[in-house]
(Lines of atoms letter the chains of each structure in order from A and count residues from 1; the text may use other names and numbers.)
(Lines give C-alpha, C1' and ligand atoms only; values in the text may rest on other atoms or scores of the structure.)
Protein backbone atom coordinates (compact mmCIF):
# COMPACT_ATOMS: atom_id res chain seq x y z
CA UNK A 1 0.00 0.00 0.00
CA UNK A 2 3.00 2.32 0.29
CA UNK A 3 2.68 3.19 -3.41
CA UNK A 4 -0.49 5.10 -2.56
CA UNK A 5 1.58 7.46 -0.36
CA UNK A 6 4.06 8.37 -3.13
CA UNK A 7 1.96 11.21 -4.62
CA UNK A 8 1.92 12.86 -1.18
CA UNK A 9 5.65 12.67 -0.41
CA UNK A 10 6.16 16.44 -0.51
CA UNK A 11 3.16 17.18 1.73
CA UNK A 12 4.22 14.40 4.11
CA UNK A 13 7.76 15.80 4.23
CA UNK A 14 6.47 19.28 5.07
CA UNK A 15 4.25 17.81 7.79
CA UNK A 16 7.23 15.98 9.33
CA UNK A 17 9.43 19.11 9.25
CA UNK A 18 6.72 21.14 10.96
CA UNK A 19 6.30 18.39 13.55
CA UNK A 20 10.04 18.57 14.27
CA UNK A 21 9.77 22.34 14.72
CA UNK A 22 6.91 21.82 17.16
CA UNK A 23 8.97 19.15 18.93
CA UNK A 24 12.05 21.38 19.30
CA UNK A 25 9.88 24.13 20.76
CA UNK A 26 8.35 21.72 23.27
CA UNK A 27 11.73 20.32 24.33
CA UNK A 28 13.28 23.77 24.72
CA UNK A 29 10.56 25.11 27.03
CA UNK A 30 11.75 23.31 30.23
CA UNK A 31 15.27 24.71 29.67
CA UNK A 32 13.90 28.25 29.52
CA UNK A 33 11.72 27.52 32.55
CA UNK A 34 14.79 26.42 34.51
CA UNK A 35 16.59 29.64 33.51
CA UNK A 36 13.62 31.78 34.64
CA UNK A 37 13.71 30.10 38.04
CA UNK A 38 17.49 30.14 38.50
CA UNK A 39 18.25 33.50 36.81
CA UNK A 40 15.04 35.44 37.43
CA UNK A 41 12.76 34.21 40.20
CA UNK A 42 15.33 33.11 42.83
CA UNK A 43 17.62 36.17 42.37
CA UNK A 44 14.47 38.39 42.05
CA UNK A 45 15.64 39.69 38.64
CA UNK A 46 12.47 40.97 36.93
CA UNK A 47 14.32 41.83 33.73
CA UNK A 48 15.53 38.27 33.31
CA UNK A 49 12.00 36.96 33.89
CA UNK A 50 10.59 39.30 31.21
CA UNK A 51 13.40 38.64 28.74
CA UNK A 52 13.28 34.84 29.02
CA UNK A 53 9.46 34.93 29.26
CA UNK A 54 9.34 36.84 25.94
CA UNK A 55 11.43 34.10 24.29
CA UNK A 56 9.11 31.45 25.72
CA UNK A 57 6.09 33.30 24.30
CA UNK A 58 7.64 33.59 20.83
CA UNK A 59 8.56 29.91 20.86
CA UNK A 60 5.03 29.00 21.99
CA UNK A 61 3.56 30.95 19.07
CA UNK A 62 5.98 29.26 16.65
CA UNK A 63 5.01 25.84 18.02
CA UNK A 64 1.30 26.70 17.77
CA UNK A 65 1.61 27.83 14.13
CA UNK A 66 3.67 24.73 13.26
CA UNK A 67 1.05 22.46 14.87
CA UNK A 68 -1.82 24.08 12.96
CA UNK A 69 -0.09 23.83 9.57
CA UNK A 70 1.14 20.31 10.37
CA UNK A 71 -2.44 19.23 11.06
CA UNK A 72 -3.53 20.62 7.67
CA UNK A 73 -0.87 18.70 5.75
CA UNK A 74 -1.41 15.53 7.80
CA UNK A 75 -5.15 15.65 7.03
CA UNK A 76 -4.44 16.29 3.33
CA UNK A 77 -2.08 13.29 3.09
CA UNK A 78 -4.27 10.88 5.09
CA UNK A 79 -7.50 11.81 3.28
CA UNK A 80 -5.85 11.64 -0.14
CA UNK A 81 -4.23 8.31 0.73
CA UNK A 82 -7.60 6.87 1.85
CA UNK A 83 -9.27 8.15 -1.33
CA UNK A 84 -6.62 6.49 -3.51
CA UNK A 85 -6.71 3.20 -1.59
CA UNK A 86 -10.51 3.00 -1.88
CA UNK A 87 -10.27 3.82 -5.59
CA UNK A 88 -7.54 1.18 -6.03
CA UNK A 89 -9.63 -1.43 -4.21
CA UNK A 90 -12.67 -0.53 -6.30
CA UNK A 91 -10.66 -0.88 -9.52
CA UNK A 92 -9.26 -4.20 -8.33
CA UNK A 93 -12.69 -5.53 -7.40
CA UNK A 94 -14.04 -4.43 -10.80
CA UNK A 95 -11.34 -6.52 -12.49
CA UNK A 96 -12.10 -9.68 -10.48
CA UNK A 97 -13.52 -12.63 -12.38
CA UNK A 98 -17.00 -13.46 -11.15
CA UNK A 99 -15.66 -16.58 -9.37
CA UNK A 100 -13.59 -14.49 -6.93
CA UNK A 101 -16.75 -13.10 -5.35
CA UNK A 102 -17.34 -16.50 -3.78
CA UNK A 103 -14.22 -15.79 -1.69
CA UNK A 104 -15.00 -12.16 -0.82
CA UNK A 105 -18.61 -11.55 0.16
CA UNK A 106 -20.27 -8.19 -0.49
CA UNK A 107 -20.33 -7.51 3.27
CA UNK A 108 -16.61 -8.12 3.76
CA UNK A 109 -15.68 -6.00 0.73
CA UNK A 110 -17.82 -3.14 2.05
CA UNK A 111 -16.18 -3.39 5.48
CA UNK A 112 -12.70 -3.51 3.99
CA UNK A 113 -13.34 -0.49 1.74
CA UNK A 114 -14.88 1.59 4.54
CA UNK A 115 -14.00 0.60 8.11
CA UNK A 116 -10.60 -0.94 7.32
CA UNK A 117 -9.53 1.95 5.08
CA UNK A 118 -10.61 4.39 7.82
CA UNK A 119 -8.39 2.57 10.33
CA UNK A 120 -5.35 2.81 8.06
CA UNK A 121 -6.20 6.44 7.24
CA UNK A 122 -6.19 7.27 10.95
CA UNK A 123 -2.81 5.55 11.30
CA UNK A 124 -1.36 7.71 8.51
CA UNK A 125 -2.73 10.85 10.16
CA UNK A 126 -1.30 9.82 13.53
CA UNK A 127 2.06 9.06 11.89
CA UNK A 128 2.36 12.60 10.60
CA UNK A 129 0.78 14.32 13.59
CA UNK A 130 1.70 12.47 16.77
CA UNK A 131 3.24 9.05 16.11
CA UNK A 132 6.77 10.29 15.44
CA UNK A 133 6.33 13.06 17.96
CA UNK A 134 5.78 10.70 20.90
CA UNK A 135 9.01 8.64 20.58
CA UNK A 136 11.02 11.76 19.73
CA UNK A 137 9.73 13.52 22.83
CA UNK A 138 10.73 10.51 24.90
CA UNK A 139 14.20 10.30 23.33
CA UNK A 140 14.70 14.07 23.27
CA UNK A 141 13.38 14.46 26.82
CA UNK A 142 15.83 11.85 28.11
CA UNK A 143 18.74 13.47 26.28
CA UNK A 144 17.85 16.94 27.54
CA UNK A 145 17.36 15.62 31.10
CA UNK A 146 20.80 13.95 30.98
CA UNK A 147 22.31 17.17 29.58
CA UNK A 148 20.82 19.24 32.42
CA UNK A 149 21.69 16.80 35.22
CA UNK A 150 23.17 13.35 34.55
CA UNK A 151 22.20 11.81 37.91
CA UNK A 152 18.56 12.93 37.63
CA UNK A 153 18.45 11.93 33.97
CA UNK A 154 19.56 8.40 34.85
CA UNK A 155 16.45 7.96 37.02
CA UNK A 156 14.29 8.65 33.96
CA UNK A 157 16.42 6.36 31.83
CA UNK A 158 15.92 3.43 34.22
CA UNK A 159 12.11 3.79 34.08
CA UNK A 160 11.89 3.77 30.26
CA UNK A 161 12.52 0.00 29.62
CA UNK A 162 9.62 -0.90 31.93
CA UNK A 163 7.29 1.41 30.02
CA UNK A 164 8.54 0.11 26.66
CA UNK A 165 7.94 -3.51 27.70
CA UNK A 166 4.32 -2.73 28.61
CA UNK A 167 3.75 -1.08 25.20
CA UNK A 168 5.27 -3.96 23.19
CA UNK A 169 3.05 -6.46 25.03
CA UNK A 170 -0.02 -4.35 24.29
CA UNK A 171 0.90 -4.03 20.59
CA UNK A 172 1.21 -7.80 20.11
CA UNK A 173 -1.87 -8.62 22.14
CA UNK A 174 -3.92 -5.81 20.63
CA UNK A 175 -3.16 -6.85 17.01
CA UNK A 176 -4.67 -10.30 17.51
CA UNK A 177 -7.70 -8.95 19.35
CA UNK A 178 -8.49 -6.20 16.84
CA UNK A 179 -8.06 -8.64 13.94
CA UNK A 180 -10.79 -10.73 15.56
CA UNK A 181 -12.91 -7.59 16.04
CA UNK A 182 -12.78 -6.76 12.31
CA UNK A 183 -13.76 -10.34 11.42
CA UNK A 184 -16.78 -10.12 13.76
CA UNK A 185 -17.67 -6.75 12.24
CA UNK A 186 -17.72 -8.43 8.81
CA UNK A 187 -20.18 -11.04 10.05
CA UNK A 188 -22.44 -8.48 11.75
CA UNK A 189 -22.51 -6.29 8.63
CA UNK A 190 -23.29 -9.34 6.50
CA UNK A 191 -26.26 -10.34 8.67
CA UNK A 192 -27.54 -6.76 8.77
CA UNK A 193 -27.32 -6.50 4.99
CA UNK A 194 -29.16 -9.80 4.54
CA UNK A 195 -31.93 -8.67 6.89
CA UNK A 196 -32.40 -5.29 5.21
CA UNK A 197 -32.49 -6.80 1.72
CA UNK A 198 -34.76 -9.66 2.79
CA UNK A 199 -37.15 -7.64 4.95
CA UNK A 200 -40.18 -8.53 2.81
CA UNK A 201 -39.52 -12.25 3.18
CA UNK A 202 -38.81 -11.92 6.90
CA UNK A 203 -42.14 -10.18 7.42
CA UNK A 204 -44.02 -12.59 5.17
CA UNK A 205 -42.56 -15.66 6.87
CA UNK A 206 -42.84 -14.15 10.38
CA UNK A 207 -39.14 -14.74 11.06
CA UNK A 208 -38.57 -11.65 13.23
CA UNK A 209 -37.60 -13.61 16.34
CA UNK A 210 -35.22 -15.97 14.53
CA UNK A 211 -33.46 -13.22 12.58
CA UNK A 212 -33.27 -11.03 15.68
CA UNK A 213 -31.65 -13.93 17.55
CA UNK A 214 -29.07 -14.43 14.77
CA UNK A 215 -28.24 -10.72 14.66
CA UNK A 216 -28.06 -10.37 18.44
CA UNK A 217 -25.68 -13.35 18.65
CA UNK A 218 -23.38 -11.76 16.08
CA UNK A 219 -23.73 -8.35 17.74
CA UNK A 220 -22.97 -9.81 21.18
CA UNK A 221 -19.93 -11.62 19.80
CA UNK A 222 -18.71 -8.34 18.28
CA UNK A 223 -19.27 -6.54 21.60
CA UNK A 224 -17.44 -9.24 23.57
CA UNK A 225 -14.42 -9.17 21.26
CA UNK A 226 -14.35 -5.36 21.28
CA UNK A 227 -14.52 -5.24 25.07
CA UNK A 228 -11.62 -7.72 25.27
CA UNK A 229 -9.54 -5.52 22.97
CA UNK A 230 -10.43 -2.31 24.81
CA UNK A 231 -9.71 -3.94 28.17
CA UNK A 232 -6.09 -4.41 27.11
CA UNK A 233 -5.88 -0.70 26.31
CA UNK A 234 -7.61 0.36 29.51
CA UNK A 235 -5.25 -1.76 31.65
CA UNK A 236 -2.19 -0.42 29.86
CA UNK A 237 -2.74 3.30 30.50
CA UNK A 238 -3.09 2.97 34.32
CA UNK A 239 0.01 0.76 34.38
CA UNK A 240 1.99 3.41 32.48
CA UNK A 241 0.75 6.16 34.79
CA UNK A 242 1.64 4.17 37.90
CA UNK A 243 5.21 3.56 36.70
CA UNK A 244 5.66 7.22 35.73
CA UNK A 245 4.19 8.57 38.97
CA UNK A 246 6.56 6.37 40.95
CA UNK A 247 9.37 7.72 38.78
CA UNK A 248 8.39 11.34 39.48
CA UNK A 249 8.30 10.66 43.23
CA UNK A 250 11.80 9.21 42.96
CA UNK A 251 12.94 12.29 41.02
CA UNK A 252 11.55 14.67 43.63
CA UNK A 253 13.06 12.67 46.50
CA UNK A 254 16.43 12.29 44.79
CA UNK A 255 16.38 15.85 43.47
CA UNK A 256 15.79 17.37 46.89
CA UNK A 257 18.78 15.45 48.20
CA UNK A 258 20.90 16.72 45.27
CA UNK A 259 19.84 20.35 45.94
CA UNK A 260 20.68 20.04 49.64
CA UNK A 261 24.07 18.57 48.72
CA UNK A 262 24.71 21.46 46.31
CA UNK A 263 24.96 19.21 43.26
CA UNK A 264 21.81 20.55 41.54
CA UNK A 265 19.91 23.80 41.12
CA UNK A 266 16.20 24.16 41.85
CA UNK A 267 15.58 25.07 38.22
CA UNK A 268 17.26 21.86 37.11
CA UNK A 269 14.91 19.81 39.31
CA UNK A 270 11.90 21.66 37.83
CA UNK A 271 13.21 21.11 34.28
CA UNK A 272 13.85 17.37 34.75
CA UNK A 273 10.45 16.88 36.41
CA UNK A 274 8.91 18.79 33.50
CA UNK A 275 10.65 16.44 31.05
CA UNK A 276 9.38 13.50 33.09
CA UNK A 277 5.82 14.82 32.82
CA UNK A 278 6.21 15.25 29.07
CA UNK A 279 7.67 11.76 28.72
CA UNK A 280 4.78 10.38 30.76
CA UNK A 281 2.30 12.17 28.49
CA UNK A 282 4.19 10.83 25.45
CA UNK A 283 3.97 7.26 26.77
CA UNK A 284 0.23 7.70 27.38
CA UNK A 285 -0.08 9.08 23.85
CA UNK A 286 1.98 6.19 22.52
CA UNK A 287 -0.34 3.68 24.19
CA UNK A 288 -3.23 5.27 22.31
CA UNK A 289 -1.15 5.26 19.12
CA UNK A 290 -0.24 1.59 19.58
CA UNK A 291 -3.93 0.76 19.92
CA UNK A 292 -4.61 2.54 16.63
CA UNK A 293 -1.64 0.81 15.00
CA UNK A 294 -2.86 -2.60 16.15
CA UNK A 295 -6.20 -1.94 14.50
CA UNK A 296 -4.55 -0.43 11.43
CA UNK A 297 -2.18 -3.39 11.09
CA UNK A 298 -5.09 -5.83 11.12
CA UNK A 299 -7.01 -3.66 8.63
CA UNK A 300 -3.99 -3.20 6.36
CA UNK A 301 -3.65 -6.97 6.06
CA UNK A 302 -7.29 -7.28 5.02
CA UNK A 303 -6.92 -4.46 2.47
CA UNK A 304 -3.72 -5.95 1.06
CA UNK A 305 -5.47 -9.30 0.64
CA UNK A 306 -7.89 -7.62 -1.78
CA UNK A 307 -5.25 -5.52 -3.57
CA UNK A 308 -2.91 -8.49 -4.04
CA UNK A 309 -5.53 -10.95 -5.24
CA UNK A 310 -3.95 -12.08 -8.49
CA UNK A 311 -7.05 -13.31 -10.26
CA UNK A 312 -8.26 -10.93 -12.92
CA UNK A 313 -9.94 -11.18 -16.27
CA UNK A 314 -7.41 -12.12 -18.90
CA UNK A 315 -7.57 -12.22 -22.66
CA UNK A 316 -5.92 -15.13 -24.43
CA UNK A 317 -3.84 -14.01 -27.37
CA UNK A 318 -5.23 -15.39 -30.60
CA UNK A 319 -3.46 -15.88 -33.90
CA UNK A 320 -3.64 -12.70 -35.96
CA UNK A 321 -4.61 -10.56 -33.02
CA UNK A 322 -2.83 -7.91 -31.05
CA UNK A 323 -1.38 -8.46 -27.62
CA UNK A 324 -4.80 -8.60 -25.96
CA UNK A 325 -6.96 -9.56 -28.89
CA UNK A 326 -8.13 -5.99 -29.60
CA UNK A 327 -6.97 -5.97 -33.23
CA UNK A 328 -9.01 -9.04 -34.00
CA UNK A 329 -12.06 -7.62 -32.28
CA UNK A 330 -11.85 -4.30 -34.08
CA UNK A 331 -11.31 -5.92 -37.46
CA UNK A 332 -14.25 -8.24 -37.13
CA UNK A 333 -16.84 -5.94 -35.61
CA UNK A 334 -20.30 -6.51 -37.05
CA UNK A 335 -21.16 -4.61 -40.19
CA UNK A 336 -24.70 -3.93 -38.98
CA UNK A 337 -25.66 -3.20 -35.38
CA UNK A 338 -28.84 -5.31 -35.61
CA UNK A 339 -27.09 -8.40 -37.01
CA UNK A 340 -27.20 -11.39 -34.68
CA UNK A 341 -24.10 -13.36 -33.77
CA UNK A 342 -23.49 -17.09 -33.97
CA UNK A 343 -23.01 -18.73 -30.56
CA UNK A 344 -21.27 -22.11 -30.42
CA UNK A 345 -20.29 -24.37 -27.51
CA UNK A 346 -17.60 -26.94 -28.30
CA UNK A 347 -17.36 -29.78 -25.74
CA UNK A 348 -17.59 -27.29 -22.87
CA UNK A 349 -17.02 -28.56 -19.33
CA UNK A 350 -17.30 -26.18 -16.38
CA UNK A 351 -16.95 -26.59 -12.62
CA UNK A 352 -17.60 -23.97 -10.00
CA UNK A 353 -14.53 -23.25 -7.82
CA UNK A 354 -14.12 -25.86 -5.11
CA UNK A 355 -16.69 -28.23 -6.62
CA UNK A 356 -15.77 -31.75 -7.76
CA UNK A 357 -18.76 -32.41 -10.03
CA UNK A 358 -19.11 -30.34 -13.20
CA UNK A 359 -22.05 -27.96 -13.59
CA UNK A 360 -21.74 -28.48 -17.37
CA UNK A 361 -20.31 -31.64 -18.90
CA UNK A 362 -19.09 -31.75 -22.54
CA UNK A 363 -21.79 -29.45 -23.92
CA UNK A 364 -21.78 -28.89 -27.69
CA UNK A 365 -24.31 -26.95 -29.80
CA UNK A 366 -24.58 -24.04 -32.23
CA UNK A 367 -27.18 -21.25 -32.38
CA UNK A 368 -27.18 -19.49 -35.76
CA UNK A 369 -27.30 -15.68 -36.07
CA UNK A 370 -30.78 -14.33 -35.39
CA UNK A 371 -32.13 -17.57 -33.97
CA UNK A 372 -33.97 -17.85 -30.65
CA UNK A 373 -32.85 -20.80 -28.53
CA UNK A 374 -34.85 -21.81 -25.47
CA UNK A 375 -33.01 -23.69 -22.72
CA UNK A 376 -35.13 -26.05 -20.62
CA UNK A 377 -34.21 -28.24 -17.69
CA UNK A 378 -34.83 -29.01 -14.05
CA UNK A 379 -33.44 -26.84 -11.26
CA UNK A 380 -29.68 -27.40 -11.05
CA UNK A 381 -29.38 -28.76 -14.57
CA UNK A 382 -26.88 -26.03 -15.57
CA UNK A 383 -29.07 -23.55 -17.47
CA UNK A 384 -27.83 -20.38 -15.75
CA UNK A 385 -24.26 -21.70 -15.72
CA UNK A 386 -24.40 -22.09 -19.49
CA UNK A 387 -25.68 -18.53 -20.00
CA UNK A 388 -22.96 -17.04 -17.77
CA UNK A 389 -20.13 -18.52 -19.87
CA UNK A 390 -21.04 -16.39 -22.91
CA UNK A 391 -20.19 -12.94 -21.42
CA UNK A 392 -17.29 -14.58 -19.52
CA UNK A 393 -18.69 -14.23 -16.04
CA UNK A 394 -16.96 -17.60 -15.76
CA UNK A 395 -14.56 -19.39 -18.10
CA UNK A 396 -14.92 -23.07 -19.02
CA UNK A 397 -12.45 -25.61 -17.68
CA UNK A 398 -12.45 -27.50 -20.98
CA UNK A 399 -13.65 -26.75 -24.49
CA UNK A 400 -14.49 -23.37 -25.98
CA UNK A 401 -17.38 -20.92 -26.19
CA UNK A 402 -17.37 -19.05 -29.49
CA UNK A 403 -19.04 -15.91 -30.82
CA UNK A 404 -18.94 -15.72 -34.63
CA UNK A 405 -16.26 -18.39 -34.61
CA UNK A 406 -13.97 -16.63 -32.10
CA UNK A 407 -13.21 -18.09 -28.70
CA UNK A 408 -14.63 -15.58 -26.21
CA UNK A 409 -11.40 -15.87 -24.19
CA UNK A 410 -9.54 -14.20 -27.09
CA UNK A 411 -11.96 -11.27 -27.15
CA UNK A 412 -11.46 -8.08 -25.20
CA UNK A 413 -14.02 -8.35 -22.33
CA UNK A 414 -15.38 -4.84 -22.94
CA UNK A 415 -15.87 -5.49 -26.64
CA UNK A 416 -17.45 -8.88 -25.99
CA UNK A 417 -19.93 -7.56 -23.43
CA UNK A 418 -20.82 -4.63 -25.67
CA UNK A 419 -22.27 -7.23 -28.07
CA UNK A 420 -24.44 -8.76 -25.34
CA UNK A 421 -27.61 -7.74 -23.53
CA UNK A 422 -28.05 -9.64 -20.28
CA UNK A 423 -31.13 -9.87 -18.05
CA UNK A 424 -30.04 -11.97 -15.05
CA UNK A 425 -32.18 -14.36 -13.08
CA UNK A 426 -31.99 -12.11 -10.01
CA UNK A 427 -33.08 -8.68 -11.21
CA UNK A 428 -30.79 -5.85 -10.08
CA UNK A 429 -32.29 -2.36 -9.97
CA UNK A 430 -30.67 0.73 -8.47
CA UNK A 431 -31.95 3.65 -6.45
CA UNK A 432 -33.00 6.35 -8.91
CA UNK A 433 -35.69 6.97 -11.49
CA UNK A 434 -37.10 4.47 -13.98
CA UNK A 435 -35.26 6.40 -16.68
CA UNK A 436 -31.96 6.22 -14.77
CA UNK A 437 -32.27 2.44 -14.49
CA UNK A 438 -32.99 2.05 -18.19
CA UNK A 439 -30.10 4.35 -19.16
CA UNK A 440 -27.82 2.06 -17.20
CA UNK A 441 -27.99 -0.13 -20.31
CA UNK A 442 -26.96 2.72 -22.61
CA UNK A 443 -25.94 6.10 -21.19
CA UNK A 444 -26.56 8.16 -24.34
CA UNK A 445 -29.96 6.69 -25.32
CA UNK A 446 -32.56 9.28 -26.34
CA UNK A 447 -36.25 9.36 -25.40
CA UNK A 448 -37.34 7.47 -28.53
CA UNK A 449 -34.87 4.63 -27.90
CA UNK A 450 -35.97 4.32 -24.27
CA UNK A 451 -39.64 4.16 -25.20
CA UNK A 452 -38.96 1.67 -28.02
CA UNK A 453 -37.14 -0.70 -25.63
CA UNK A 454 -39.85 -0.29 -22.98
CA UNK A 455 -42.61 -1.04 -25.49
CA UNK A 456 -40.83 -4.17 -26.68
CA UNK A 457 -40.45 -5.32 -23.06
CA UNK A 458 -44.18 -4.69 -22.49
CA UNK A 459 -43.45 -2.21 -19.67
CA UNK A 460 -44.16 1.17 -21.34
CA UNK A 461 -47.86 1.27 -20.48
CA UNK A 462 -47.10 0.32 -16.88
CA UNK A 463 -44.51 3.10 -16.63
CA UNK A 464 -46.98 5.65 -18.01
CA UNK A 465 -49.37 4.79 -15.16
CA UNK A 466 -46.73 5.53 -12.52
CA UNK A 467 -47.00 8.89 -10.65
CA UNK A 468 -44.11 10.54 -12.54
CA UNK A 469 -43.90 8.08 -15.43
CA UNK A 470 -40.25 7.65 -16.48
CA UNK A 471 -39.12 10.03 -13.72
CA UNK A 472 -40.72 7.96 -10.94
CA UNK A 473 -38.23 7.09 -8.22
CA UNK A 474 -37.47 3.40 -7.68
CA UNK A 475 -36.38 2.17 -4.26
CA UNK A 476 -33.19 0.13 -3.86
CA UNK A 477 -33.55 -3.24 -5.67
CA UNK A 478 -36.97 -2.05 -6.92
CA UNK A 479 -38.79 -2.61 -3.63
CA UNK A 480 -41.80 -0.61 -4.86
CA UNK A 481 -42.25 -2.72 -8.04
CA UNK A 482 -43.75 -6.16 -8.58
CA UNK A 483 -41.66 -9.12 -9.69
CA UNK A 484 -43.02 -8.98 -13.24
CA UNK A 485 -42.41 -5.22 -13.51
CA UNK A 486 -38.83 -5.63 -12.39
CA UNK A 487 -38.24 -8.42 -14.90
CA UNK A 488 -39.62 -6.35 -17.76
CA UNK A 489 -37.50 -3.33 -16.76
CA UNK A 490 -34.47 -5.61 -16.78
CA UNK A 491 -35.32 -6.86 -20.28
CA UNK A 492 -35.91 -3.29 -21.51
CA UNK A 493 -32.52 -2.25 -20.13
CA UNK A 494 -30.85 -5.11 -22.00
CA UNK A 495 -32.72 -4.28 -25.24
CA UNK A 496 -31.68 -0.63 -25.04
CA UNK A 497 -28.13 -1.74 -25.84
CA UNK A 498 -29.38 -3.09 -29.21
CA UNK A 499 -27.30 -6.22 -28.59
CA UNK A 500 -26.28 -8.82 -31.11
CA UNK A 501 -26.81 -11.50 -28.45
CA UNK A 502 -29.62 -11.28 -25.88
CA UNK A 503 -29.38 -13.51 -22.80
CA UNK A 504 -32.59 -13.89 -20.80
CA UNK A 505 -32.05 -15.95 -17.67
CA UNK A 506 -35.55 -16.95 -16.59
CA UNK A 507 -36.56 -13.34 -17.22
CA UNK A 508 -40.22 -14.10 -17.99
CA UNK A 509 -40.97 -16.36 -15.03
CA UNK A 510 -43.18 -13.75 -13.29
CA UNK A 511 -45.14 -12.79 -16.44
CA UNK A 512 -48.58 -14.01 -17.38
CA UNK A 513 -48.94 -16.01 -20.62
CA UNK A 514 -50.33 -13.10 -22.64
CA UNK A 515 -47.63 -10.62 -21.64
CA UNK A 516 -44.91 -13.22 -22.13
CA UNK A 517 -46.14 -14.05 -25.63
CA UNK A 518 -46.28 -10.35 -26.58
CA UNK A 519 -42.76 -9.78 -25.25
CA UNK A 520 -41.26 -12.76 -27.11
CA UNK A 521 -43.00 -11.70 -30.31
CA UNK A 522 -41.66 -8.15 -29.97
CA UNK A 523 -38.12 -9.46 -29.53
CA UNK A 524 -38.11 -10.85 -33.06
CA UNK A 525 -37.99 -7.28 -34.39
CA UNK A 526 -34.52 -6.86 -32.88
CA UNK A 527 -33.01 -9.54 -35.14
CA UNK A 528 -30.53 -10.53 -32.43
CA UNK A 529 -29.55 -14.02 -31.34
CA UNK A 530 -31.54 -14.89 -28.22
CA UNK A 531 -30.81 -17.51 -25.57
CA UNK A 532 -33.81 -17.83 -23.29
CA UNK A 533 -33.62 -19.82 -20.06
CA UNK A 534 -37.15 -20.79 -19.14
CA UNK A 535 -39.25 -23.30 -17.25
CA UNK A 536 -42.32 -22.67 -19.41
CA UNK A 537 -43.17 -24.80 -22.42
CA UNK A 538 -45.29 -21.89 -23.73
CA UNK A 539 -42.15 -19.75 -24.03
CA UNK A 540 -39.98 -22.55 -25.39
CA UNK A 541 -42.48 -23.32 -28.16
CA UNK A 542 -41.91 -19.84 -29.64
CA UNK A 543 -38.17 -20.50 -30.03
CA UNK A 544 -36.50 -21.66 -33.23
CA UNK A 545 -34.64 -24.37 -31.35
CA UNK A 546 -34.96 -25.90 -27.87
CA UNK A 547 -32.10 -27.27 -25.76
CA UNK A 548 -32.90 -29.76 -22.98
CA UNK A 549 -30.35 -29.95 -20.16
CA UNK A 550 -30.24 -32.74 -17.60
CA UNK A 551 -27.61 -32.97 -14.82
CA UNK A 552 -25.27 -30.63 -16.68
CA UNK A 553 -25.46 -32.50 -20.00
CA UNK A 554 -27.22 -31.68 -23.25
CA UNK A 555 -29.98 -34.30 -23.33
CA UNK A 556 -31.62 -33.22 -26.59
CA UNK A 557 -31.84 -30.35 -29.08
CA UNK A 558 -34.38 -29.57 -31.77
CA UNK A 559 -37.66 -27.90 -32.57
CA UNK A 560 -40.82 -28.47 -30.56
CA UNK A 561 -42.11 -31.03 -33.05
CA UNK A 562 -38.78 -32.86 -33.29
CA UNK A 563 -38.42 -33.13 -29.51
CA UNK A 564 -41.96 -34.45 -29.14
CA UNK A 565 -40.95 -37.36 -31.32
CA UNK A 566 -37.45 -37.99 -29.99
CA UNK A 567 -37.21 -36.84 -26.34
CA UNK A 568 -39.10 -38.65 -23.56
CA UNK A 569 -37.83 -36.00 -21.11
CA UNK A 570 -39.40 -33.21 -23.18
CA UNK A 571 -42.67 -35.14 -23.28
CA UNK A 572 -42.58 -35.50 -19.49
CA UNK A 573 -42.07 -31.74 -19.10
CA UNK A 574 -45.10 -31.07 -21.31
CA UNK A 575 -47.22 -33.55 -19.36
CA UNK A 576 -46.21 -31.91 -16.08
CA UNK A 577 -47.43 -28.53 -17.37
CA UNK A 578 -50.31 -29.35 -19.72
CA UNK A 579 -51.34 -32.93 -19.01
CA UNK A 580 -51.17 -36.26 -20.88
CA UNK A 581 -53.34 -35.21 -23.80
CA UNK A 582 -51.18 -32.22 -24.68
CA UNK A 583 -48.05 -34.38 -24.81
CA UNK A 584 -49.66 -36.69 -27.39
CA UNK A 585 -51.29 -33.87 -29.35
CA UNK A 586 -48.24 -31.61 -29.42
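Keep in mind that glycine also has a Cβ here, set from the backbone N, Cα and C atoms.
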307-339, 340-372, 373-405, 406-438 - the range that TrEMBL marks as region 'Disordered': 307-339
Annotated stretch (transmembrane segment, per TrEMBL) among the listed ranges 16-34, 92-110, 111-129, 130-148: 130-148
Range annotated as transmembrane segment in TrEMBL, from 275-294, 455-474, 475-494: 275-294
49-73, 174-198 - the one TrEMBL records as transmembrane segment: 49-73
Transmembrane segment range according to TrEMBL, out of 232-255, 496-519: 232-255
